[in-house]
Amino acid sequence: MSGTLASEFGFSAHERDRLLTTGPADVDPAPALTFARNVFVPLTTACRYTCTYCTYFDPPGEASLMSREAVRDVLETGVDAGCTEALFTFGDTPDDRYTEIHDQLDDWGHDSIHDYLHEMCELALDVGILPHSNPGDLTCEQLRPLADVNASMGVMLETTADVDAHAGPRKKTPEQRLATIRAAGEVGIPFTTGILVGIGEDWSDRAESLLAIRGLHEEYGHIQEVIVQPVAENERWRGPTPDVEDLRRAVAMARAALPAEISVQVPPNLAPVREVLDCGVDDLGGVSPITADHINPDYAWPALRELEDIAEFGGVPLGERLPTHARYVEDGWLPPAVQRAIEADDAAGERYRAVLNGATAVDAD
Ligand SMILES: O=c1nc2n(C[C@H](O)[C@H](O)[C@H](O)CO)c3cc(O)ccc3cc-2c(=O)[nH]1
Ligand SMILES: C[C@H]1O[C@@H](n2cnc3c(N)ncnc32)[C@H](O)[C@@H]1O
Ligand code: MET
Ligand code: SF4
């Protein structure tokens, strides 16, 4: 699809080829590192897709849905631990494939998982933590109501290539992922996306994926961060996984391809972050002091103390951030419900403002 891609996302073959020659020596290290303190809320592991690297999705028959009480529990634990981000993830449109999920939602008075997610985001705002939803492929119409109750949202592009790892009769396609990221731009949602490195794409695909993300950002201005995520080995994905040199090159390409206002994020539980710090990484993403990374449960989060060691290793300061990057807060992108939460005269509002103003110590609380 590469010719079409270039014209649709406003880049030239020459730009792509130049990016292919870009490496760690061509980018500057970032002057600071940030992270968000989060809790993970895996609403359901049922999924209509079957990506071959993913251990998150359930085989049919084992699917279930987190109840409102279970969600409230996790959110409250998060608030108690000083977290500001509730990361809602679930399989892609699970109610489409699993009747048991559909029936459970129906029992609880919801016609879709997205309607239930909306209610859980409202609950998060009530409890005192900001929702960041990672909902999979959606249309503008589906995103619009969710935009009213989220501080930011995200969907990994992963890759613009057609790879075997997106297997099965219903599969993730680059066209759908790009359409979702575009829809988020049209709706005006501060957005996180990224590339998944090592799922069968080649260097040219990586360059094109980054340039496509840049093109969408040029159109809508909504991309706050791009995650460069190495595929992690697990029971379903026996490898290969990218080596350090490949990861360094991919991070440097991301930094070179994207405008400075977009953060380049590398997850510290999946990647040897110290070894890519000089390639332009400026963000460590959401890190949880209390919940597991439910998507990659074999890969434990580093303690917040270790994030400080990483920053020290790079010789840069470490700062906490909200799930929405500061410039979107300043530029008035937040929906009223989230704006009110940040301005509120309560403990949660005070906490959000302290993080925004850079007034929290990493080892605070
Ligand atoms: O938008 C996304 N955010 C993801 N996030 C969230 C992200 O790291 C941050 O929380 C956001 O940057 C919030 O600003 C994850 C967080 C985890 O704890 C574990 C895995 C992910 C994966 C994604 C992801 O695929 N897409
Ligand atoms: C939430 C995001 O998690 C990513 N994801 C799913 N499985 C893996 C894995 N084995 N390694 C790294 N990332 C993974 C997908 O890219 C998805 O979009
Ligand atoms: C484990 S992935 C969770 C989010 C969604 N299913 C996606 O792939 O983007
Ligand atoms: S990565 Fe997301 S879309 Fe793919 S199988 Fe896992 S849960 Fe489903």
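One is the number of the first residue shown, and numbering goes on along the chain from there.
Backbone N, Cα and C atoms are what each Cβ position is placed from, and that goes for glycine too.
Note that TrEMBL annotation is computational and uncurated.
As recorded in TrEMBL, the features of this protein are as follows:
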- Cys47, Cys51, Cys54: [4Fe-4S] cluster binding site (BINDING)
- 33-269: domain 'Radical SAM core' (DOMAIN)
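Those same-chain residues not listed among Cys47, Cys51, Cys54 yet with C-beta within 8 angstroms of the centroid of the [4Fe-4S] cluster site C-beta atoms are Tyr49, Thr50, Tyr53, Tyr56, Phe57, Gly91, Asp92, Lys172.
Every protein chain considered, the tally of other Cβ atoms within 10 Å of the Cβ of Cys54 ([4Fe-4S] cluster binding site) stands at 19.
On the 0 to 100 pLDDT scale, the domain 'Radical SAM core' (33-269) averages 95 in the predicted structure.
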